[in-house]
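Comments concern the structure below.
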Amino acid sequence: MASYEYVSPEQLAGFDKYKYSAVDTNPLSLYVMHPFWNTVVKVFPTWLAPNLITFSGFLLVVFNFLLLAYFDPDFYASAPGHKHVPDWVWIVVGILNFMAYTLDGVDGKQARRTNSSTPLGELFDHGLDSWSCVYFVVTVYSIFGRGSSGVSVFVLYLLLWVVLFSFILSHWEKYNTGILFLPWGYDISQVTISFVYIVTAVVGVEAWYEPFLFNFLYRDLFTAMIFGCALCVTLPMSLLNFFRSYKNNTLKHNSVYEAVVPFFSPCLLFILSTAWILLSPSDILELHPRVFYLMVGTAFANSTCQLIVCQMSSTRCPTLNWLLLPLFVIVMVVNVGVTPYVESILLFTLTAAFTLAHIHYGVRVVKQLSNHFHIYPFSLRKPNSDULGVEEKNIGL
């Protein structure tokens, strides 16, 4: 398994022909953030590899997740009568979230600035973004939490899926049209949430208990904004871009079946994970919501990364992700009946297995593409073909 190759020779050949094509029409991104990023990128030395910037931003997102997991493990810290998250934590999380967003915005500019743009860089960026979705959503949840003043863990589960499907829609579009239409919601949500974290530190979580307008609570506004943005903006725009490509006869997949294949694994993941929640004898989502979310988000990220590889290499997306097989088995076992202790062990084991499998997938794909393009993933130095494998082995790739 240590030398397993996930990227096929056909896909490697497809990467050689790949040309980046994206459309960004978001006014916030075009007129505010891009000028800001153009200034920030000048701070970085020209020897700094773009992938190192990307990975650093991802680590900040994970750190925020772990920080709030420590202070708010079960999402009760924001509820009345419970010990709240310290104000300084919200300030740290807000600053680091904006820093992560900034690093995600400047990595591509650093690549163009240093003339080091490669398909690996885009895959690395978007692959980590797919995993960041779950960390970002679950971290935001701590602002409201659950309880009388918050949102139930099942509603948050549904909100997580809305975000996940919104993310994969962009890459489904590109899989079919060849063009990545950058979603508006990403930039708006990152700036807004970074600000909300800081505001929470100033006014306290108690401020979110109060009605916003006409007895409309902030938690309801939070929920409505996510559902509304997905249903009224993200989904219609994706379908519009798809049908424009269909009308112009530029679709890359002519049959309906081939066009929707990328949705099979995510939909099966949704069905299986929801079935587990509904069939659980111990109400597993109530017991371990944070771990359950992480399990779902990691499995989703793995399927999304496979889609991105196929989309960039112009190859067919796998019909199903075999990573879902153990989840199917566990759902069947839970349906028969298990004790709460055993069910918890199954969840923690599966989450650990998904995480290790996804990390293995990522490391191996990065190594394959690094070897193929004769580059180092985290250095701008150009390796000799004879020593590339040796040095990567030394740094753990």
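Cβ coordinates are placed from backbone N, Cα and C, and glycine is handled just like the others.
For reference, Swiss-Prot has these:
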- ALA2: N-acetylalanine (MOD_RES)
- 47-69: transmembrane segment (TRANSMEM)
- 84-103: transmembrane segment (TRANSMEM)
- 123-145: transmembrane segment (TRANSMEM)
- 150-172: transmembrane segment (TRANSMEM)
- 179-201: transmembrane segment (TRANSMEM)
- 221-243: transmembrane segment (TRANSMEM)
- 256-278: transmembrane segment (TRANSMEM)
- 291-310: transmembrane segment (TRANSMEM)
- 317-339: transmembrane segment (TRANSMEM)
- 344-366: transmembrane segment (TRANSMEM)
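Counting Cβ pairs closer than 8 Å to the transmembrane segment (150-172), the top stretch among 84-103, 179-201, 256-278, 291-310 is 291-310. Counting Cβ pairs under 8 Å to the transmembrane segment (291-310), the stretch among 47-69, 123-145, 179-201, 344-366 with the most such contacts is 123-145. The stretch with the most CB contacts under 8 Å to the transmembrane segment (123-145), chosen from 47-69, 84-103, 179-201, 344-366, is 47-69.
Within the same chain, residues 1, 4-7, 120, 123-124, 127, 131, 282, 284, 287-288, 291-292, 294-295, 298-299, 301-302, 305, 309, 323, 326-327, 330, 333-334, 338, 377, 396-397 sit at least 6 positions outside the transmembrane segment (344-366) and bring their C-beta atoms closer than 8 Å to a C-beta of that stretch. Within the chain, the transmembrane segment (179-201) has long-range Cβ neighbours (under 8 A, six or more residues past its boundaries) at 21-26, 28-29, 33, 87-91, 93-95, 97-98, 101, 136, 140, 143, 166-167, 169-171, 173, 207-208, 229-230, 233-234, 237-238, 241, 245. Cβ atoms under 8 Å from those of the transmembrane segment (84-103) belong to residues 36-37, 40, 53-54, 56-58, 60-61, 63-64, 67-68, 71-72, 77-78, 132, 136, 139, 142, 190-191, 193-198, 200-202, 204-205 of the same chain, restricted to positions at least 6 beyond its ends.
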